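Q: Grabbed the feature section from Swiss-Prot, which reads as follows:
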type: BINDING; residues: 10, 11, 12, 13, 14, 15, 127, 166; note: ATP binding site
type: BINDING; residues: 31, 36, 57, 58, 59, 85, 86, 87, 88, 92, 129, 140; note: AMP binding site
type: REGION; residues: 30-59; note: region 'NMP'
type: REGION; residues: 126-132; note: region 'LID'
């Protein structure tokens, strides 16, 4: 199964991805993890990404896409994957589509975890991270909405919307049910 995971910060994508990865026996591929791994290993792509991150800039789409492509070419991703953090834009969605076409496959679906803003704020404040204050969280949510709304429209009928409120187990059951698992 080849899936993209969407949802605002604090929606529980990482938590659900870990459970789904184990249950579906497919890798969870997070762009954040890819950046950290490539930078940590000192790969050419990692060095390129680090130069942008160190300058406080976003890593360009082409660098991120090359990291994703390299990761998708590994053996464990042949049977499927959960992609988290890419695509973030319609342009990236088109790049992913072409990339997968080159592998002779396509996405099986796009899971969009929906959660009320107040629930996200509450969850993120409860994590106790230094950079998580209410104003910062609400700003991040607005940026997410602005970036992702066109992507959700782009995927249209391929979107599988999951209400990401309630227990971790309930959310996982809803996700697996929507996937027919």
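Every residue, even glycine, has its Cβ placed from backbone N, Cα and C.
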Q: Using a 10 Å cut-off, grab the number of neighbouring Cβ atoms around the Cβ of residue 31 (AMP binding site), all chains included.
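A: Taking every protein chain into account, the count is 21.
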Q: If I restrict to non-local contacts, at least six residues apart, and a C-beta distance under 8 angstroms, what lies near residue 11 (ATP binding site) in its own chain?
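A: 113, 114, 115, 120, 164 - these are the non-local Cβ neighbours of residue 11 (ATP binding site), listed in sequence order.
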Q: Report the mean pLDDT of the predicted model across the region 'LID' (126-132), rounded to a whole number.
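A: Mean pLDDT, the region 'LID' (126-132): 77.
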Q: To the nearest whole angstrom, what is the C-alpha distance linking residue 59 (AMP binding site) and residue 14 (ATP binding site)?
A: 21
Q: Going by Cα-Cα distance, pick out whichever of the binding-site residues 57, 88, 129 is nearest to residue 13 (ATP binding site).
A: 88
Q: Residue 31 (AMP binding site): which of the binding-site residues 10, 12, 14, 127, 166 have a C-alpha within 10 angstroms of it?
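A: Checking each Cα against residue 31 (AMP binding site), there are no hits.
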Q: Measuring CA to CA, name the entry from the binding-site residues 12, 14, 166 that ends up nearest residue 86 (AMP binding site).
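A: Result: the closest of the binding-site residues to residue 86 (AMP binding site) is 14.
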Q: Using only the Cα atoms of 31, 36, 57, 58, 59, 85, 86, 87, 88, 92, 129, 140, which the record gives as binding AMP, return the largest interatomic distance in Å, rounded to a whole number.
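A: It comes out at 30 Å between the most distant Cα atoms.
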Q: Nearest by CA distance to residue 15 (ATP binding site): which of the binding-site residues is it, out of 57, 88, 129?
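A: It is 129, whose Cα lies nearest.
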